[in-house]
Amino acid sequence: MKIENKEITSNWFTNLRDLLCKEFEKIEEEYAQTKCLKPAKFVRTSWQRNGGGGGIMSLMKGEVFEKVGVNISTVFGEFSPEFRSEIPGAELDGKFSATGISLVAHLKSPLIPAMHFNTRYIETSKSWFGGGGDLTPFYPEENETEKFHAAFKEACDKYDSGYYPKFKKQCDEYFYLKHRKEPRGVGGIFYDYLNSGNFEQDFSFTQDVGMALLSVYPEIVRSKLFLPWTAEQKEYQLIRRGRYVEFNLLYDRGTKFGLMTDGNVEAILMSLPPEVKFN
């Protein structure tokens, strides 16, 4: 990875982590104040990768966010021989470097959607950006879905009018449970292997994707912060969370990439919900 590219992308992911954690802690504070509770805070844990690099896992378990994790990492080394053929540009020597941020939020309220987001920059003998964000409501609402998609469409349209329809389609295709023949949530955008030939433009786009998430998801959470919910709704949420687990363990590229590169297991599996039911 080019040193300057590595530094500026890694610094951005760290900055975005701080912005997201600050906003989520603020939401916890807003809720706690009305209930005379002590607001939850993120707990950070650093980890080192044996083959090179490491990361920081930020985890919060609160009254609003039952479990929310924000991970940043910068790792480098060599892919195992059996994994090299799956990664563009790694076929010859297997060398790679990757930096990125990943976020998964599971809310206590079954009325507030779960959310997944990540962006990353990877170099082998080639280089590219990837990432996106998607929403998983248990009780979908059309206006909420439209608002989420509109935020990402605005970010996409600044760069290419073809980005949003392309990345939306890729998201719908990627977050699909083939064995159940059903989607995981209401989508968003998903892009990978993005290299337009203009690093600055691709990096700027990836930054705007992060800011789009920061602008829209906290608004969705706040809109339902104090809505009452029933035991039946909670039960349904726990059952539907099972689909989330199935996808992440069977299909998720990030999970596979992390495990195949000897990443931190706790950080990799942070995406799993804290409580789930299988019927």
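Glycine is treated like the rest: Cβ placed from N, Cα and C.
Within the same chain, the residues at least 6 positions away from His116 (active site, proton donor) whose Cβ sits under 8 Å from its Cβ are Leu103, Val104, Ala105, Gly133, Asp134, Thr136, Ser271, listed in sequence order. Reduced to three states, the DSSP call for His116 (active site, proton donor) is strand. Annotation comment: Swiss-Prot describes His116 as active site, proton donor.
Its own atom aside, the Cβ of Thr119 (substrate binding site) has 26 Cβ atoms within 10 angstroms in the protein chains shown. According to Swiss-Prot, the substrate binding site annotation covers Ser102, Asn118, Thr119, Arg120, on the basis of sequence analysis.
Its Cβ placed at the centre, His106 (divalent metal cation binding site) has 25 other Cβ atoms within 10 Å. Residues or ranges marked as divalent metal cation binding site by Swiss-Prot: His106, His116, His149, His179.
For 244-279, the entry in Swiss-Prot reads region 'Important for dimerization'. Mean model confidence of the region 'Important for dimerization' (244-279) amounts to 86 (pLDDT, 0 to 100 scale).
Annotation comment: Swiss-Prot describes His179 as site 'Important for dimerization'. Other Cβ atoms within 10 Å of the Cβ of His179 (divalent metal cation binding site) number 9 in total over all chains.
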Reading the DSSP string in three states, the entry for Ser102 (substrate binding site) is strand
Integer Å value for the Cα distance linking His106 (divalent metal cation binding site) with Asn118 (substrate binding site) is 15
What DSSP reports for the region 'Important for dimerization' (244-279) is 22 helix, 0 strand, 14 coil
In three-state DSSP terms, His179 (divalent metal cation binding site) is classed as coil
One should report the C-alpha separation between Ser102 (substrate binding site) and His149 (divalent metal cation binding site), rounded to whole angstrom, as 19
Whole-Å Cα distance, His149 (divalent metal cation binding site) to Asn118 (substrate binding site), is 16
